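Taken from Swiss-Prot as is:
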BINDING   ARG22, GLU83, ARG122, LYS457  (6S)-5-formyl-5,6,7,8-tetrahydrofolate binding site
DOMAIN    219-378  domain 'TrmE-type G'
BINDING   ASN229, THR248, ILE250, THR253  K(+) binding site
BINDING   229-234, 248-254, 273-276  GTP binding site
BINDING   SER233, THR254  Mg(2+) binding site
Amino acid sequence: MEFDTIAAISTPPGEGAIAIIRLSGPEAIQIADRIFYAKNSLSEAESHTIHYGHIKEDGEVIEEVMVTVMRAPRTFTREDVVEINAHGGIVSVNRVLQLLLRNGANLAEPGEFTKRAFLNGRIDLSQAEAVMDLIRAKTDRAMGVAIRQMDGNLSRLIRNLRQEILDALAQVEVNIDYPEYDDVEEMTQRMLLEKTELVRASVEQLLRTASQGKILREGLATAIIGRPNVGKSSLLNQLIQEEKAIVTDIAGTTRDIIEEYVNVRGVPLRLIDTAGIRETEDIVEKIGVERSRKALADADFILLVLNQNEELTVEDEALFEAAAGHNYVVVLNKTDLETKLDIDRVRELAGENPIVSTSLVNDEGLEALEEAIKTLFFAGDIDAGDATYVSNVRHIALLHQALEALNGVTTGIQLGMPVDIVQIDMTRAWDLLGEITGDSVQDELLDQLFNQFCLGK
């Protein structure tokens, strides 16, 4: 498969030390050579070499560059690739790009370089999606999961499962088409059930990693809730180690939602500091309270902050009711002051949810809180080693559908259905697993997936 030659700026826009303009396609080297001036021609350059020179437009030098030449097929796209390393400005880099476009290159679509790597067989679809996961990773663990997926861990596992299914389907087909041959091993219902159970167990094992994998990939939407002036903004500032939220003794200081990402011992949290939830006549504060209620409803995880120096109120108890059904940790703040809170009642309301005491003004209790968060979501252990996580929502949905199809095979066999009937569900499971790696996928889906990428990737 041969495409046209594309070009795009691969580095973020703005000022910086270096900017990279990337070309890929059959004319990549020739197009770059038309605007590059140096001692030797790029067209004569060996693969994987770097060359110093200048970019000229109408005889005028517009950039001093280093150009990397990489010849097919030993490139990311398996096409000829040229990368022009220029100074990280806005004007000069765009002039170089426009010059390339005028000399025959087409502007790349978002994700088109990675899409070509997939279409040319360099990577499969799950590996392509892992590229974006790596770019978006918020923690070292999320980065590790993405790198292992890019390396093909998930792909190999899925392909092995598809091969198991294919072997069984082939045996069934032989039995159906050539029943008269004595030397053909009969695929009995028991044998098919054993094959199915083997694949089904592996799919279930993958799905058991889904909740942790999704957390690592997307982070937890974490609402910090509580009545006004209990220490919510102080908690946000402590967790992100920055004075992001205004902290005063005046109740109702936080009027709007503040969001920040933070890595808590490998657990990525999208912290949402909400306005204190209370009845108020202040129009602006009332809007903030309504937004807080929505953030609470949409949260994956809640930090419910109470003031240990005040008695428990009806509003506090209402927060426990609102948090019901969510994972949450109760934070008893201001332990440096006299305890007036009914701790036994708090334990009763919290049930099995962890309770942590803090004095944020004295930097006390934060380590215990971080440990409680890690333990709540990863049972205290997030070191997965070389374990294969499934974290992509699309992959998870396809695995659930494949599991449903495999369950259909098992049910059909148990009901005594003929093998050639239950193979329909077996074939469906094979197709669904193939959608994960891109072995069976629609063009419309490919366009949708790669359009999520940035330009130049």
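A Cβ is built for glycine as well, from the same backbone N, Cα and C atoms used for every other residue.
Annotated features taken from Swiss-Prot, shown on the structure.
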| residue | record | Cβ neighbours (10 Å) |
| --- | --- | --- |
| ARG22 | (6S)-5-formyl-5,6,7,8-tetrahydrofolate binding site | 25 |
| GLU83 | (6S)-5-formyl-5,6,7,8-tetrahydrofolate binding site | 19 |
| ARG122 | (6S)-5-formyl-5,6,7,8-tetrahydrofolate binding site | 17 |
| ASN229 | K(+) binding site | 21 |
| LYS232 | GTP binding site | 31 |
| SER233 | Mg(2+) binding site | 25 |
| LYS457 | (6S)-5-formyl-5,6,7,8-tetrahydrofolate binding site | 19 |
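Cα-Cα distance from LYS232 (GTP binding site) to ARG22 ((6S)-5-formyl-5,6,7,8-tetrahydrofolate binding site): 46 Å (rounded to the nearest whole number). Ranked by Cα separation from SER233 (Mg(2+) binding site), the binding-site residues ARG22, GLU83, ARG122, LYS457 are led by LYS457.
The CA atom of LYS457 ((6S)-5-formyl-5,6,7,8-tetrahydrofolate binding site) is located 46 Å away from the CA atom of ASN229 (K(+) binding site). Looking at ARG122 ((6S)-5-formyl-5,6,7,8-tetrahydrofolate binding site) and ASN229 (K(+) binding site), their Cα atoms lie 56 Å from each other. For the pair ASN229 (K(+) binding site) and ARG22 ((6S)-5-formyl-5,6,7,8-tetrahydrofolate binding site), the C-alpha distance works out to 52 angstrom.
The maximal spread of the (6S)-5-formyl-5,6,7,8-tetrahydrofolate binding site, taken as the longest Cα to Cα distance among ARG22, GLU83, ARG122, LYS457, is 19 Å. According to DSSP, ARG22 ((6S)-5-formyl-5,6,7,8-tetrahydrofolate binding site) is assigned to a strand segment.
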